[in-house]
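Listed features, source TrEMBL:
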| type | residues | note |
| --- | --- | --- |
| REGION | 1-120 | region 'Disordered' |
| COMPBIAS | 1-14 | compositional bias 'Basic and acidic residues' |
| COMPBIAS | 18-27 | compositional bias 'Polar residues' |
| COMPBIAS | 37-57 | compositional bias 'Polar residues' |
| COMPBIAS | 67-78 | compositional bias 'Basic and acidic residues' |
| COMPBIAS | 99-111 | compositional bias 'Basic and acidic residues' |
| TRANSMEM | 126-152 | transmembrane segment |
| TRANSMEM | 186-203 | transmembrane segment |
| TRANSMEM | 215-236 | transmembrane segment |
| TRANSMEM | 242-263 | transmembrane segment |
| TRANSMEM | 352-371 | transmembrane segment |
| TRANSMEM | 398-419 | transmembrane segment |
| ACT_SITE | 485 | active site |
| TRANSMEM | 525-546 | transmembrane segment |
């Protein structure tokens, strides 16, 4: 009696033919085997270990010889061959874990079956990292309340000791430079910057029209920018008595921002020139056919009239474009900035009110709290009394930090948003969540985004493209930043020390230390290190500069100075 065999069944000893795709038909065999045996993953393993073929038939009722499918059964679901030792090891591990769970469950059931109703179970304390507990909002509120109470106590002590020292008239005299300096030298020096701005634009136009050679034009731009940033140093050094402290500080800040903006303007236009020449836009274009004329090629084709056309190089080289960039709240130049469609009057009014109120709060804190604390730190700092100087440092840390936080909000949120709203400037990402920084490096990348973007775009990336390593490029960025921090402090005070420079360069090893602490002790401790450096580093720098300023300018009357505690 003959048995009708399925043509797809494989005869013993016959080698399988590859499919059209070049692979074997093992996948189809496994599917048939699963259907025929109603196999799950469990009885597939039973099939692998099974020797007898009795009572095992396919879907057509034909007996199955497992020897034909031995190679298929020895493969896992992905078609990879399994190693016997690995299978045994995996099975042994699974068996041990399952056994442990069974024992644990049995013990738990026995404990629950006790008549005393047990209430204990394996648990970690909430302050243990392994507990997984993260809701510490109550402790945060407690810390904030404690900080407020400590601040109020210090404020009350200041009022009882010095009385009310706030006098808005003094603020006006300080900002206007009343009884300081001669004339309006700071204003004149600021207006003179138009000469450097005009020269920069004229050279860029000459380079675009190929009137000036590329090498000569870049040389003129470099000299122009270097002279621009050095002009306040020379002028204030030669005629320091003609400038008030506020006027000199404003001039240095203004020229520093102008230096960064013109650098970006020159470098961006240089990149545009390189792309402009690569496209060979001056070569003769093919003539337009009659069919293209009928389609409206000369009329712009399918261009949407509602979509504004982007400005192309060299059409951007105008006074209007350059002055808009110089007023915009950014340091990086673009030919086409993102723009808003309208000015939100309510939003603008809020930001302007915040600027007015914030300036008054900062000036009041300076006059009432910081100035007496700084003056009282002079004698301990001069006598190198470490204990008393540390006490003055900690006493100055709180008001200084409050002023710094107010200044941050006033500058990076209120003022820059107000300027951006007036100019329809759409990119308002002036800061990121620096308060969550887990190391010093992250803090410097997030707290001042306009400067960070400028450093990355115009300094870090070009240095790396020159062949320097990432670490060397970062060091150059910190060196550049350290020079400008010293520039903004030493030049107005006319005391050329290196405290701000050393403070910025010290961020490099401090960054490595904070990263190591973050890696070993966790991100929370790293964030504490960041806050500690901010709270304690700034008042230390203020005390150092105040000491040097008084010693240099009031050395004769220093011996007769007596500051209370």
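Using N, Cα and C of the backbone, Cβ positions are placed for all residues, glycine too.
Just so you know, TrEMBL annotations are computer predictions that nobody has curated.
Sequence-distant contacts of the transmembrane segment (525-546), counting only residues of its own chain at least 6 positions beyond either end whose CB sits under 8 Å from a CB of the stretch, comprise 370, 374-375, 377-378, 381, 389, 392-393, 396-397, 400-401, 404, 436-440, 442-443, 489, 493, 495, 497, 499-500, 503, 510, 513-515, 517-518.
If you draw a 10 Å sphere around the CB of the residue listed as 'active site', it holds 19 other CB atoms from the protein chains shown. Recorded stretches compared: 186-203, 242-263, 352-371, 398-419; the one with the most Cβ pairs under 8 Å to the transmembrane segment (126-152) is 398-419.
It is 398-419 that, among the stretches 186-203, 242-263, 398-419, forms the most Cβ pairs under 8 Å with the transmembrane segment (352-371). Panel annotation: around the transmembrane segment (398-419), residues 150-151, 154, 327-329, 347-348, 351-352, 354-355, 358-359, 361-362, 365-366, 369-370, 373, 425, 428, 430-431, 447-448, 450, 534-535, 538-539, 542 of the same chain, lying at least six beyond its termini, place a Cβ under 8 Å from a Cβ of the stretch. For the transmembrane segment (242-263), the list of distant contacts is 174-177, 180-183, 185-187, 189-190, 193, 196-197, 200, 224-225, 228-229, 231-232, 236, 325-326, 331, 333, 451, 454, 458, 484, 487-488, 491-494: same-chain residues at least six beyond its ends, Cβ to Cβ under 8 Å.
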